[in-house]
Amino acid sequence: MAEKNEENEHQEYRTTTNVVDPGEVHGRATQQQERNRSYWQTLNHDPWLLFWIGPVLLSACVINLASVGVEFATTSIGMFFGGKMMNFVAIGVFLNLCTAYVSDISPLAIRASVIGFCNLSQCIGPFISAIMSYYTSQWDNDWSWKALVCAQWGFAVIGFIGQLFMPESPVYLIRMNRIEDARGVLNRLYSKSADADGHLERIKITLEEAETQRKSTYAECFRGTNLRRTMIAVLVFLAEPMSGLGFVSNYGSLMYQYLGIGDRQSFLIQIGAQILSMSGATLSFLIGDFYGRRPMFLGGCIALTTLLLCMGIAGSVDTTAGMMTIL
């Protein structure tokens, strides 16, 4: 009889534990409802949050792959131009989001160095292109230029595969009130949960401060002391393209040929220039923490301005000495 009562008690316990608690159901439903409400309120404040960093990068990678295909199969200058313009759209997305993404996931101690790798990557591509141009410049068929176009596919495929395993930005997840998802991403990036929690709290504090200023408009960026910060941020980013870096890296070998240097020699000079470029980018993020960003930036601008003035003056002199000064 005692055994029967004990069996009944166990059966009753199992039945009780298997029954779904209505209070728990209500609590979970309410929590999900509040989460959804917060989600839509966030989107109403900032509709651009609908576009996640991960899907946007993947879409840009697909555009990159397709545009390279247009360039490869081109039958006219117009078709090649259209493919190149499509490719520039994808490259613009990469240049904008990749730096922001790296900043979101990098630990504070190494954030500057990791972001420096973004600049270094912009030197590696032209370096590989210069090496390929050196070897393909002697070919007398279409593959002399198609080989360079095909090389873009290699980088695009590697990037596409890598992006499939990239975690979503924790900043984006927190802004969408997906706190636990953001915590999970940070735990994957840190060896200690305490460090991940610290990073999570820093992001939350930063976003809360931004939320208090949400009522302000973009016009505030051009008023008072904000104007000075805006000008600094804009001019720093403008300094790179306005210095002629794009012209030298893309058309340097052609300029050397106009100066009377042979084809292979001009490509060798271009390879050397890209090696110097990578060396400068590497040194900048290695020693930037010791000497400071501002002194290095000002020193680089002064040196570059001086060199460009010397090149301009030497270019106006039609002599061998002037040509060597430019080089």
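From the backbone N, Cα and C atoms, a Cβ is placed for every residue, glycine too.
According to TrEMBL, the feature compositional bias 'Basic and acidic residues' maps to 1-13. The domain 'Major facilitator superfamily (MFS) profile' annotation in TrEMBL covers 1-327. The region 'Disordered' feature in TrEMBL is assigned to 1-33. Feature annotation from TrEMBL assigns transmembrane segment to 49-73, 85-102, 108-135, 147-166, 232-255, 267-291, 297-317.
Each of 85-102, 108-135, 267-291 was scored by its Cβ pairs under 8 Å to the transmembrane segment (147-166), and the highest score goes to 108-135. Mean pLDDT for the domain 'Major facilitator superfamily (MFS) profile' (1-327) in this predicted model: 76.
For the transmembrane segment (108-135), same-chain residues at least 6 beyond its ends with a Cβ under 8 Å from one of its own Cβ atoms are 98-99, 102, 147-148, 151, 155, 199, 202, 249-250, 253, 264, 267-268, 270-271, 273-275, 277-278, 281-282, 284-286, 288-289, 293.
Between the transmembrane segment (267-291) and the stretches 85-102, 232-255, 297-317, Cβ pairs under 8 Å are most numerous for 232-255.
Sequence-distant neighbours of the transmembrane segment (85-102) (same chain, 6+ residues past either end, Cβ-Cβ under 8 Å): 53, 56-57, 59-61, 63-64, 66-68, 70-71, 111, 114-115, 117-118, 152, 166, 169.
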